[in-house]
Amino acid sequence: MQNEYSQFEQRKRDHIELALMPANQSNELNPFDHFSLVHEALPDLDFKDISIQSIRFKKPVEKPFIISSMTAGHSNALEINSRLMEACSKTKWAMGVGSQRRELSDKQAAFEWAPLRRDFPMVSLFSNLGIAQLIDTPISAIQRLIDTLQAEALIIHCNPLQECIQPEGTTNFQGCWTALEALVKKIASPVIIKETGCGFSKNTLLRLNNIGVAAVDVSGVGGTHWGRIEGHRANKDPIRHRTADTFRNWGIDTLQSTRNAISLNPSFEVWGSGGVRNGLDAAKLFALGATTVGFAKPMLEAALDSTGQVLTQMNIIEYELKTAMFCTGSRVLDDLKEKACP
């Protein structure tokens, strides 16, 4: 068991290092630069009156941003997450926590979040579990993960490509729809379904809408590509390493995934992430109909430096979003929906 935990910790450390490598970014597939908003030369509004308030789980939120789930369960995670949570406490951003998988078998692992929760009790946090773990985990155990963290909701991460390439991957997803439907019916918290960089098709989104999930974070192609990351880790396994290269461009991009979701007029909230680099990219997702936008790599890079750098990054993103709104004549986020170039 100890060896298993050591392997888990090493994998999480590897992920941080590899996620920052340019070769593991699918920037060449990023769709945002090919999508424009309509410029308004005479915006009839005052910049200071612009509001970026949004709705999350049918309640108003001051900021429409979330730091996407990134890291937990290793020695470097505490400092990274402390900086992220401190910044969130000052800006009212929400945050998805790193994997809580280890907490299912190691009761001590939950204590990683205890001091952070004590120091930053008002931060809106989202629990994190992979779809493969959901299948075999009692709902009561999942509820404990949420309760221990005092989380607002649960994010279920879907990562079939990553699991195929990862040397330690879990590739048995059989029963995932049945488990997900049972979770949505029985859990006391909102359930969010999130991809990890490969996006969603219309058919999958329709099924998710039918079972009643609270939100879908589309997380499409255009940013960190986990197939490429695991390909680096599998460099001594010729089959997985070659497969990673074959699938290096696999997935549905973030803008198309968002369009797929919005076209259904779903009952779930549409969240946008995957290659979102700045506030202008965020504005484009809001223009398509997203209500929350997630950032990962820009925040990880900042958190490796300092809390101050995270705050600076957040402030820049917010100002860029407001600038996009001002230059399209949009006082509130909903106004952006009329400003997408045809």
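Numbers run from 1 along the shown chain.
Including glycine, each Cβ sits where the backbone N, Cα and C put it.
Copied over from Swiss-Prot:
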- Arg11, Lys12, Ser99, Gln100, Arg101, Gln162: substrate binding site (BINDING)
- Ser68, Ser69, Met70, Thr71, Ser99, Asn128, Lys194, Ser219, Thr224, Gly275, Val276, Arg277, Ala296, Lys297: FMN binding site (BINDING)
- Glu163: Mg(2+) binding site (BINDING)
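Annotation: Lys194 carries the greatest number of neighbouring Cβ atoms among the binding-site residues Arg101, Lys194 [cut-off 10 Å, Cβ to Cβ].
Ser68 (FMN binding site) falls within neither a helix nor a strand when secondary structure is assigned with DSSP, and so counts as coil.
Only Ser99, from the binding-site residues Ser99, Gln100, Arg101, Gln162, Glu163, place their Cα within 10 Å of the Cα belonging to Met70 (FMN binding site).
Listed binding-site residues: Ser68, Ser99, Thr224. The one with the lowest count of other Cβ atoms within 10 Å of its Cβ is Ser99. Counted within 10 Å of its Cβ, the other Cβ atoms near Val276 (FMN binding site) come to 29, all protein chains included.
Taking the Cα atom of each, Arg101 (substrate binding site) and the residue listed as 'Mg(2+) binding site' are about 15 angstrom apart.
In sequence order, Ala132, Gly169, Thr170, Thr171, Phe173 constitute the residues six or more apart from Glu163 (Mg(2+) binding site) in its chain with CB-CB distances below 8 Å. The two recorded residues, Val276 (FMN binding site) and Gln162 (substrate binding site), have Cα atoms 20 Å apart.
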